[in-house]
C-alpha cells in the first residue's frame, strides 16, 4: 500500500504537498511538483502583470521578494538555523526536517518566487517603451554572475556562514534575475558581451537541451550507483571514488541524450503534451 501511495504522489506530481515525503522515488521531481501547482495560478496572475508599467512592476517585485523572504526568516528564527548549511548537513543534524521541507517544497511558498521571474520577464519586454532607455553593457552580466560565484566560494570556504534558504532568497534569486535580464538585453541590443557569446555557443546550446532530462534522470541513476541496497546488487559494491563518479556522469549524460533524441524531441510526444496541457487548462 505504501509503494502504491508513493507511486500515486509521484505520478500525479503532488508530492510537494507532503513535507516528509516530497523526495519519494525520484527526489529532484519535488521541484517540478511545486512548480506545476505554482504555475497553475499564472492564468489569474499574468493578465494583471501585463497591465503594469515598469514602475508598478518594480514595486511588485519588491513586495514579492519580501513575501518570498519572510517564511525563510521565520524558519531561521524559530529553529535558530541562521548559519546552518542545509545542503551539506545530515537530516539527523537538522532540528526540524518537516519545517525545512515545508519552506523549500511548499507550492504555495514557491508562487512568490515564480512570479518574481514572471515580472522580470515583463520588465525586459517593456524595454524601449514609454521613453525607457535602459543602459546595458558587458558588466551588466559579469557583475551579478561574479556575485553568485563569490557567494558560493565564500560559503564553501567558510568565510560566510548562512542558511541555504537565506542565501537563495537574499542573494542568489536577485542576482540570477539581474544576470538573466542583462543577458537578454545584451543579446537583443547586439551588445558585445563575451559572456553572452560563450553561453550562446552551439556546444553549450546542445548541453542546455539536455538540462531537463539530466535533471530528471540524475537522481534515479545516482540511486543505482550510490544507494547501498541497489548498488551492491548491481555492481557488488557502492560505486565511490572519482573514477566511478566519472562513469556516473557519463551514464547520466548519455541517458539524457537518448531521452532527448528519442522521447522529448518526438513530434508525437509534443502533440500529446500540448493536447494534455490544453485539456488541463480548460478545467482551470
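Cβ coordinates are placed from backbone N, Cα and C, and glycine is handled just like the others.
Here the structure is a predicted model, which means the values were calculated and not measured.
Between the stretches 137-154, 227-244, TrEMBL puts its transmembrane segment entry on 137-154.
Looking at 166-183, 184-201, the range tied to transmembrane segment in TrEMBL is 166-183.
If one looks beyond the transmembrane segment (105-125) by at least 6 residues along the same chain, the residues whose Cβ comes under 8 Å of a Cβ in the stretch are 16-17, 19, 22, 30, 33-39, 41-42, 45-46, 49-50, 52, 54, 57-58, 60-61, 64-65, 67-68, 71, 173, 177, 180-181, 184-185. Using a Cβ-Cβ cut-off under 8 Å and counting only residues 6 or more beyond its ends in the same chain, the transmembrane segment (203-225) has close neighbours at 26-29, 32, 231, 234-235, 238-239, 244, 247-248, 251-253, 255-257, 259-260, 264. Over the domain 'Acyltransferase 3' (12-259) the predicted model carries a mean pLDDT of 89.
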